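Shown next, in structure tokens, is the structure this report addresses.
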Amino acid sequence: MSIKKGKSTQRALLVLLTLAMFITIATAFAIYYHLERYAKVTDKMYKVQSLANKIVYFDEALTMSARMYAYEKDLQWYSRYQSLVIQLDHALNQASHEASSIHDLIEKNEPLNQKLISIEERSFADVRNNRLQQAQQTLKSPEYQALKQRYTNLVILTFQDIHNQLQEQQNNHRDWYQTFLWVLGLQVLGFVLVWFYLVNFLRLNVSRLSNLITTDDLTGLGNRRSFDDILQRELRRSIRDGKMLMLAVIDIDYFKKYNDYYGHPKGDQVLTMFGKLIEQTLRRANEFGFRIGGEEFAVIASVDSVEDGTASIEYLMLKLHKKQMEHKGNAETGQVTMSAGIAFHHADEIMTDEELYSAADKALYVAKERGRNQWVQYIDDKS
Ligand SMILES: Nc1nc2c(ncn2[C@@H]2O[C@H](COP(=O)(O)OP(=O)(O)OP(=O)(O)O)[C@@H](O)[C@H]2O)c(=O)[nH]1
């Protein structure tokens, strides 16, 4: 991907992410708003319902008190009637704060209310003048009954109306917040999916990148950087585990001449083929192959004995011979051959990676000096 394209993709991703964040925040606000409204409407419904119950109760109770007063002429009933009138007024006032239709109901039906009160007052006057039968008749009269019924019906219908309106609002808010909850759920799911995608994408790219950093493009073997790291690591491991470590530095003989004779692309093919041979030879987990320079390769292997190590390089040489690749610049064999310098790190030695590499390199030099197409093991003269 070009830098320009990468930057525009990044910008587009940033815009998308910002947009998605705004939508999520807006959705969360919408849920909060509708949930809050839903709770408020529900609360109001309970309040209105309880006021409606109170009003109907006070209304019936005050009629009952008026009747009882007409029958018993007991002043207790009269004062109960009066206290109920005050309580009813208070409840109606409270209800009119909750819903304007109650206020309208009180205003519009004031004449009807006054009529009822005047009939009740008339019966109370009869009671006071000991005309109890007259008082009872007044309260039982069809006119009073009809007015009372009308008043009660009006109250009930108004409250029913309010209840229906509130229920509609409640359902509306519930539908909205449930819809937004789904939207938020889908957004969260989307975020989770994008998150997983990004994490996977990054992980893949990181492993690709680390491969690129440590792999030689042409042969697919480890490159110089990974050679340095793995040589240090394996050396530490061999000292810790008390095992022998082999390092072989391998070079294609007269490779300059090969390039000169057959051309650079053909030279590349030889390098690729040799890289594959190394890969096929190194079968065990603790054996590693590298291309550490132009036509220079290396093998690091944890071995049980010197023979074990040299045998694997011998085997690699044999495989290369079997290929019988023509190399007219190689006057000795006429084929592509290799030379190798082998050095061992023994468990009881203390050697640095540089010392081990230098030893293998020296042995390679000797192999070249002795006529190439061979391996030479480094022997420390001082020991
Ligand atoms: N085709 C190809 N050639 C390369 C590459 N890297 C280095 N070379 C060539 O490898 C040759 C190495 O030459 P020298 O160091 O002189 O070694 P040599 O010719 O193999 O001689 P001896 O090692 O002494 O046998 C040079 O000609 C480099 O150009 C590569 O990636 N591809």
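Including glycine, each Cβ sits where the backbone N, Cα and C put it.
The domain 'GGDEF' annotation in TrEMBL covers 243-380. Secondary structure of the domain 'GGDEF' (243-380), assigned with DSSP and counted as helix (H, G, I), strand (E, B) and coil, comes to 61 helix, 35 strand, 42 coil.
Residues annotated as transmembrane segment in TrEMBL: 12-35 (among others).
What TrEMBL records for 180-199 (among others) is transmembrane segment. Proximity of distant same-chain residues to the transmembrane segment (180-199), defined by a Cβ-Cβ separation under 8 Å and at least 6 residues beyond the stretch ends, is recorded for 20, 23-24, 27-28, 30-31, 34.
Summed and averaged per residue, pLDDT over the domain 'GGDEF' (243-380) gives 94.
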